[in-house]
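S.K.: The feature Na(+) 1 binding site is assigned by TrEMBL to 41, 43, 48, 297, 329, 394. The Na(+) 2 binding site annotation in TrEMBL covers 44. The disulfide bond feature in TrEMBL is assigned to 146-155. Annotated transmembrane segment per TrEMBL: 35-53, 65-86, 107-134, 214-235, 247-274, 294-311, 323-348, 382-403, 424-450, 456-477, 497-519, 531-556, in sequence order.
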């Protein structure tokens, strides 16, 4: 009885409890906590700290919240649930799941291309966090003052102003500093100059690579070594690591939040964060950024959600998991925004300027605003170590899944015993390739290329891939078939809201956002730097390289499939393959039951079950489908 109750906690069908539910060939998570923590670590990443607050800052503060939550409810969560259920049902990675409609396997290859691009530059951001982490191991943080060889005359630090004024003259010093800023309009903080002139040694053009920064290159090597070691045994090893990597960042965020809101002027920054500028709502770019952030943050269309869910047990309640993970992710984004803007408000108050003038744009926000804030804390090197260690953990949680997505896709595609035994070597090969491809991003022009990849390679190509995946499953495979699959797996069909979003709302919203974005497109810039035309062209090629996989593979499949006419070939190419369905034989019930399940002496004719008759199967107490016993 106890075993039966335990089996039902994950949504298991009662009569299935005694059956083997583990995939011994591919492996499973040690328990469901590992899957949830891994998925939280995957979804809650660097984007929650350096991308979401930056998008709020750029798109009108609190006005950005409205399109963000609209996109979350009608696109983000439904597609998150779809990808989890998709991977869990088939127990396959982002390539193997397309047995559901082989013609669209190019969607899986597109996901691999996107994950490759993100994995390359994501680890570069982690390596910069490593660099700051090691640089914090000093009595005085190197970006605290303006008396370093790399500083310019325009440098004006918060601590410098405090040092040169005693308590009674602090207001006078701040006024003088404010007057100086208003006069020159060139205020730069010591943390900003440390970032641009020392860490990056930023060149003047994206084509001027200059030299590879050896300290960054060394940190990049450390990043890839850590990722490889944590994935050396696949989900068995990474599932244990996430107990720490997925939980510790919240401890540090809370410490920084408490410190931030107690600073003078923090309320001003928080109001700038929350007060909406409603005129921004009419700009398609704001909605586009909201959609992009949802997909970027939740990890939709990367292939990682499908991959992680493929290691679940068949009857795990992925509907529950999708709600928990999505809400946790978005709450973390908003929480991190409070931490960022409380610090920006304090800096603006101290300098006597508007909040919009104290922060940099782009990923540098986390390496400019945060480091300067850390200099204000007691024992600042300790807090700096903790903060950048948190950034490292946030990044690694996502990077684990990116690498595992590529490795799982390769291993599942080959599928033989040899590749399963050599999976560690596949992981090593992918890690080495990722390190080599990331080397140019450690040059003096590296930040330009990193932002180019971030804006084009991993932006609206994600939206296109998700839209095509949604349309394929709902209209090519058929929504009724998919709803029956979910009912067989979970014991209940997807709620009506998700059914409507999958079929109508999500694809429609994504389509119209794409149209508006094309109309209001503006070339990429980095502060005052305008990207040249050839660089923008490379950006578009990176975006197309993932999307183009879909029509190219569709044409390839049409050429190789059997059929006398084009319509016959099209039908055969989109029909699910024979091995589509649950991976384990004991889960292949109903229309997935093998045709040889009844012996000849039973005197019964064996026929495949028609999909429309699937609902006539016997039902368990939780609504799941079960085939009748073969001997009637």
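Cβ coordinates come from backbone N, Cα and C, glycine included.
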S.K.: May I ask whether the transmembrane segment (497-519) has at least three C-beta pairs under 8 Å with the transmembrane segment (382-403), counting pairs 6 or more apart in sequence?
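M.R.: Counting Cβ pairs under 8 Å (6 or more apart in sequence), the transmembrane segment (382-403) does not reach the transmembrane segment (497-519), since there are fewer than 3.
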S.K.: Under 8 Å Cβ-Cβ from residue 41 (Na(+) 1 binding site), six or more apart in the same chain: what's there?
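M.R.: Residues satisfying the criterion: 242, 245, 246, 394, 396, 397, 398, 400, 401.
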S.K.: Listed binding-site residues are 43, 44, 48, 297, 329; which of them have CA atoms within 10 A of the CA of residue 146 (disulfide bond)?
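M.R.: Correct set: empty; none qualify.
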S.K.: Specify all same-chain residues, apart from the site residues 41, 43, 48, 297, 329, 394, whose Cβ lies within 8 angstroms of the center of the Cβ atoms of the Na(+) 1 site, ordered by sequence.
M.R.: 40, 42, 44, 45, 47, 299, 332, 333, 397, 398
S.K.: Near the Cβ of residue 297 (Na(+) 1 binding site), how many other Cβ atoms are there if near means within 10 Å?
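M.R.: Counting Cβ neighbours of residue 297 (Na(+) 1 binding site) within 10 Å gives 24.
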S.K.: Of the listed stretches (107-134, 294-311, 323-348, 497-519), which one yields the highest count of Cβ-Cβ distances below 8 Å with the transmembrane segment (456-477)?
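M.R.: Highest pair count goes to 497-519.
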S.K.: Please report, as numbers and ranges, the same-chain residues at least 6 past the borders of the transmembrane segment (424-450) whose CB is under 8 Å from any CB of it.
M.R.: 116, 119-121, 123-125, 127, 200-203, 205-213, 216-217, 220-221, 224, 227-228, 231-234, 362-364, 403, 406-407, 410-411, 526, 529, 531, 535
S.K.: Which ones in the same chain are close to residue 43 (Na(+) 1 binding site), with CB under 8 Å and 6+ residues apart in sequence?
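M.R.: 297, 298, 299, 325, 326, 328, 329, 398 - these are the non-local Cβ neighbours of residue 43 (Na(+) 1 binding site), listed in sequence order.
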S.K.: Name the residues of the same chain, 6+ apart in sequence, whose Cβ is under 8 Å from the Cβ of residue 155 (disulfide bond)?
M.R.: 146, 188, 189, 190, 193
S.K.: Give the one range among 35-53, 65-86, 107-134, 214-235, 323-348 whose Cβ atoms make the most pairs under 8 Å with those of the transmembrane segment (294-311).
M.R.: 65-86
S.K.: Going by a 10 angstroms cut-off between Cβ atoms, which of the recorded positions 44, 146, 394 has the sparsest surroundings?
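M.R.: Comparing Cβ neighbours within 10 Å for the recorded positions 44, 146, 394, 146 has the fewest.
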S.K.: Sequence-remote contacts (6 or more beyond its ends) of the transmembrane segment (214-235), Cβ cut-off under 8 Å?
M.R.: 27-29, 34, 38, 123-124, 126-128, 130-131, 134, 199, 241, 308, 311, 396, 399-400, 403-404, 407, 423-424, 427-428, 431-432, 434-435, 438-439, 442, 446
S.K.: Count the other Cβ atoms sitting within 10 Å of the Cβ of residue 329 (Na(+) 1 binding site), across every protein chain shown.
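M.R.: Looking across every protein chain shown, the total is 25.
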S.K.: Tell me, how many other CB atoms lie within 10 A of the CB of residue 48 (Na(+) 1 binding site), whichever protein chain they belong to?
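M.R.: So the Cβ neighbour count for residue 48 (Na(+) 1 binding site) comes to 26.
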